[in-house]
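Engineer: Feature list, courtesy of Swiss-Prot:
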BINDING   CYS333, HIS384, HIS510  Zn(2+) binding site
DOMAIN    1-61  domain 'TGS'
REGION    242-533  region 'Catalytic'
Amino acid sequence: MVSIRLPDGSVRQYEHPVTVAEVAASIGPGLAKAALGGKLDGELVDTSTVIDRDASLAIVTDKDADGLDIIRHSTAHLLAYAVKELYPDAQVTIGPVIDNGFYYDFSYNRPFTPEDLEKIEKRMQELAKKDEPVTRRVVSRDEAAGYFRSIGEKYKAEIIESIPQSDEIKLYSHGGFTDLCRGPHVPSTGKLKVFKLMKVAGAYWRGDSKNEQLQRIYGTAWTKKEDQDQYLHMLEEAEKRDHRKLGKQLDLFHMQEESPGMVFWHPKGWALWQQVEQYMRRRVNEAGYLEIKTPMIMDRSLWEASGHWQNYRENMFTTESEKRDYAIKPMNCPGHVQVFKHGLRSYRDLPLRYAEFGSCHRNEASGALHGLMRVRGFVQDDAHIFCTEDQFISESIAFNTLAMSVYKDFGFDHIDIKLSLRPDQRAGTDETWARAEQGLRDALTACGLTWEELPGEGAFYGPKIEYHIKDALGRSWQCGTLQLDMVLPERLGAEYVAEDNSRRRPVMLHRAIVGSMERFLGILIEHHAGAMPVWLAPYQAIVLNIAESQAEYAQSLTQTLQKQGVRVAADLRNEKISYKIREHTLEKVPYLLVVGDKERDAQTVAVRARGGVDLGVMPVEAFVERLQEDLRSFK
């Protein structure tokens with residue numbers, strides 16, 4: 001007798017072993033038809049999986065997030081099936097699920113074209129309509145490797161040969177196509193109804209630039225056409241908001257080949273940067289942080305002591321001088337520990353909070369660079385808190401409160417929080433980890449925050465909290481972190497004198513709110529579509545004269561506003577006023593101040609707000625008061 005416990009708590013009993021599909025059918029024909037897989041004691045499995053023991057089971061349908069993942073994974077295999085039918089000489093490699101879709105990497109003797117993608121997608125639709133059953137079989141490693149070698153699929157054979165002998169090898173087949181996969185997959189290809197191929201990009205075999213370059217075909221798949229249409233619309237909107245495009249249009253920054261992954265900031269872009277940096281500086285100063293500055297280049301010995309030289313060297317820029325090896329810092333933490341160590345610290349000094357807008361460099365692969373979002377040179381709003389074990393919860397609470405407030409000020413109201421817990425390989429005792437993890441939970445609870453826990457995702461030296469902000473298009477970006485470190489203080493010899501005169505290691509909290517300033521500015525630009533809030537805008541207002549006779553008044557007005565702290569410029573060009581208004585409207589300036597003879601004579605100004613809103617004529621003081629009202633919450 002097999003007892004199956006369902007999500008509603010009910011138990012069904014079967015005289016013999018049953019498949020997931022049979023359990024679904026016993027519940028009802030509708031569920032049997034909708035079933036894509038099952039969650040058996042928490043593990044995602046195929047509908048053909050046989051249950052021969054008492055277990056808990058949830059039937060997975062297209063209404064579940066797991067169901068969508070199964071659909072996307074199966075659609076990746078459908079893509080490979082179609083490619084092999086149309087281009088038999090192409091070799092298949094891997095095809096995982098990614099955010100909003102999937103990809104599959106192929107080795108082929110010529111580049112795939114947009115026309116090829118159309119043909120492949122059409123063939124996928126034809127194969128899906130055949131509604132061919134998807135079957136799974138478990139084989140030995142040698143049998144699987146031999147099969148793929150026999151059909152000329154060298155990449156698949158190489159993958160299999162790297163799998164431990166003891167691991168289970170699953171092969172999935174539909175129609176004339178067989179692929180290696182952990183699964184699960186849909187029961188038949190007819191379940192795959194809504195998908196689209198998006199683009200082709202380059203990729204290296206096993207992600208190593210020394211290996212052969214492959215072709216990566218990206219696709220998206222959904223359960224409903226409305227969802228796919230909404231996603232494609234979001235992509236169109238994202239293209240309009242692309243920070244690289246807006247950076248050029250708004251004259252904020254540029255990148256060039258002579259300095260890959262580094263940013264050339266233009267005056268308006270640097271003005272935007274300064275608003276973000278000065279705001280962050282004010283917030284950390286108010287929160288009791290002490291700002292410091294540490295060297296960009298430090299001797300190899302320090303990086304060896306911290307462990308970065310052994311574990312991170314390939315991502316570091318190094319140099320040599322007078323027979324000494326140096327590294328340009330990829331992160332600020334070892335330098336902050338040196339400041340902490342400079343002098344004898346007492347428990348009375350703690351907590352010590354060191355902040356730095358630290359300039360870091362990492363040798364990212366050139367193919368991974370992407371505008372401001374992935375760079376080699378960046379500044380981080382970095383800080384490290386040195387405290388006692390008794391203080392780390394209160395410090396975590398204070399940081400959570402600060403981070404949430406900052407995100408709100410920048411216009412981000414939806415924050416997803418994730419707590420990464422102990423990995424298998426880790427430093428410290430289970431007792432220490434349990435205290436650290438529970439402390440972070442308590443800090444989040446005290447702030448009224450909810451979070452998702454990620455078992456095994458913590459760093460080997462401690463658990464961490466991640467803060468993921470959601471932008472105007474619903475995209476999620478990880479920006480902030482709060483990382484507890486049980487290792488670096490010991491590695492670098494940081495200690496303080498406790499109340500009983502013993503020497504103890506401080507608890508070290510690594511923390512950042514925006515993370516990379518460059519990346520955060522890219523996110524901000526796209527979130528606001530370049531129309532920055534008044535407090536962030538490079539220029540808050542532009543004064544426009546209609547004719548030469550108002551130039552002197554326009555210039556005087558500009559100077560008056562500048563003295564009151566307004567970021568303002570005058571456009572006195574001998575151009576039609578309609579032309580000047582249109583140009584500055586495209587530049588997304590919050591306020592355009594138009595002055596003609598009437599405004600000059602009355603010492604007033606005609607105000608146009610962003611979006612073409614005519615606010616009418618008002619005294620200069622009234623405009624300044626309106627602007628101050630916009631800014632008041634950030635003063």
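Cβ coordinates are placed from backbone N, Cα and C, and glycine is handled just like the others.
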Engineer: When DSSP is mapped onto helix/strand/coil, what comes out for CYS333 (Zn(2+) binding site)?
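Structural biologist: It is helical.
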Engineer: Least buried of the binding-site residues HIS384, HIS510, going by other Cβ atoms within 10 Å?
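Structural biologist: Counting other Cβ atoms within 10 Å of each of the binding-site residues HIS384, HIS510 gives the minimum at HIS510.
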Engineer: Please spell out the DSSP helix, strand and coil residue counts for the domain 'TGS' (1-61).
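Structural biologist: Per DSSP, the residues of the domain 'TGS' (1-61) fall into 14 helix, 25 strand, 22 coil.
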Engineer: Taking the Cβ of CYS333 (Zn(2+) binding site) as centre, how many other Cβ atoms lie within 10 Å?
Structural biologist: 21
Engineer: Averaged over the whole of the region 'Catalytic' (242-533), what is the pLDDT?
Structural biologist: 94
Engineer: Relative to the mean position of the Cβ atoms of CYS333, HIS384, HIS510, the recorded Zn(2+) site, which additional same-chain residues have Cβ within 8 Å?
Structural biologist: MET331, ASN332, HIS336, VAL337, ASP382, ALA383, GLN483, ASP485, LEU488, MET508, LEU509, ARG511
